[in-house]
Amino acid sequence: QTKLSKLGEILFLEEEPPLNPDSDGLEEYTILIWKYGRELKKRHVMRFTERSYDPFENCSVKNCVVRYKKSYISSADLVIFDLNHIKGTNELPLKSVRNPNQIWAFLSDRSPLRTFSASASADISDFDDIFNWSMTYRMNSDIPVPYGQTLLLRHRQKHLEIDYEEWNKSKHQNILLAIVMSDCRKTSYRLNYIKELQKHLKIDIYGNCGNKRCKAYAENIFPDELIDCEETIKYKFYLAFENSNCDEFITEQVWWYAYSKNAIPIVMGGSKKYYEQLLPPHSYINTEKFARPRDLVNYIVYLNNTPSDILQYFVWKKYFKVVNEHGYFHTASQHYCRACEALNYNNKDEKTIHDMEDYWVEGKCHSSSIFDLE
C-alpha cells in the first residue's frame, strides 16, 4: 500500500485539512488505549515527567477524549493496540464485545524486525484480519506518527546561519564522532562498521556498547524512558545508525541526537530514497555513498579541515526546520493528536488489514550490503 491516507496527504503533501479547525461543534470521539495505557500515557501525555501535558495542545482538532479503562471497549470510536507491548492475541478483547462500527488500529514505533518485545511469544501473522488501521512511523500509515518531520519555513530565515567559529568552539576538537547505542549484538552490521571506522578515527560510544557513560543514565527513574545523553552535544558529527535497516525507519538517532544538537548526522539504516524524501537537503552524510568505511573517514577529516564545506551542511536551516515528535527527552509527542486528526479527516469506509506480514514486514527491511574493507 503506497497510497497515503487523508491525514498522510495533509502531513506530507501539505494538503489543506478538509474542515474548519474550530472543532467545538464537532462530534466528540473516544479513543481507547487498550491495556497498556499507563505506558503510553507516561510518554505521550507526561513526556516522562511528573506532570501531564495536553496532548491536543497544538493539534488542528481537539474533539477527542482518550480513555484507558477497558469498560470503554463497547463505546470507543478508535481502539489502539500497542504491539510493542502486547505479548499475543490472548491480550486482545474478545471478538464478541467488538463493536462493528469501531476502528481497531495497531501501533508500532519499532521496526518490523523488532515489533514485539523480547518476552512476547507473538508472531505477526497471528494478527491477520484484526486491525483496520495502522499507526506507525511510515508515511502510508492511516495514522502516521514519524519520530520527526522536516517542515518548510514560510519565510527564509537569514539569522539562522551558523557562526562557524562559535559552533567549532562549542565542540570537541580531538574526537569528532559519537554514537549512543545499547544493542551490542556481535552480528550487528552497524557495530562492525563502527569497528572499521575506529581503525582510523577515535569514536566515543555511549550506552551499553562502549567506552563512555552518560551521566543521566545513572539517575533514570522511568524504565521505558530514553534518557538524553547530554554529553553528545559536544561532537561535530553523530553516527545516526539505526538498529534496523528498514524503509523510513528514521528515529531519534537523527532527529534528536544529530539535528537538535547541531551535529552533522552520518546516517545508516533508513534507506537512501527515504532519507532524501524526509530529511532536509544536504543536511546529512549517507554511509551508502562510500565504498568502504575508510573513504568515509577521509571525507570526515577533509570536512573538519574545511570550514566552508562544513557550513554547507547547515544552509538548510534558512529554509527548513526539523521537529522532534516522539515524546522522548521531554519533547512533545504527536501520537494522540494524530489519532484524533485521523478520526476527523480520514475516510472511515470499512477496511481490514488481512495479511500483516505482507503489510508490515514484507520487503520493508533489507540486509545490509557488505562493505569493502580494503
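Cβ from N, Cα, C; glycine included.
Summarising the annotation, TrEMBL assigns domain 'Fucosyltransferase N-terminal' to 29-148. As annotated by TrEMBL, domain 'Fucosyltransferase C-terminal' applies to 173-358.
Here the domain 'Fucosyltransferase N-terminal' (29-148) is broken down by DSSP into helix, strand and coil counts: 26 helix, 25 strand, 69 coil. Note on the domain 'Fucosyltransferase C-terminal' (173-358): mean pLDDT across this stretch is 92.
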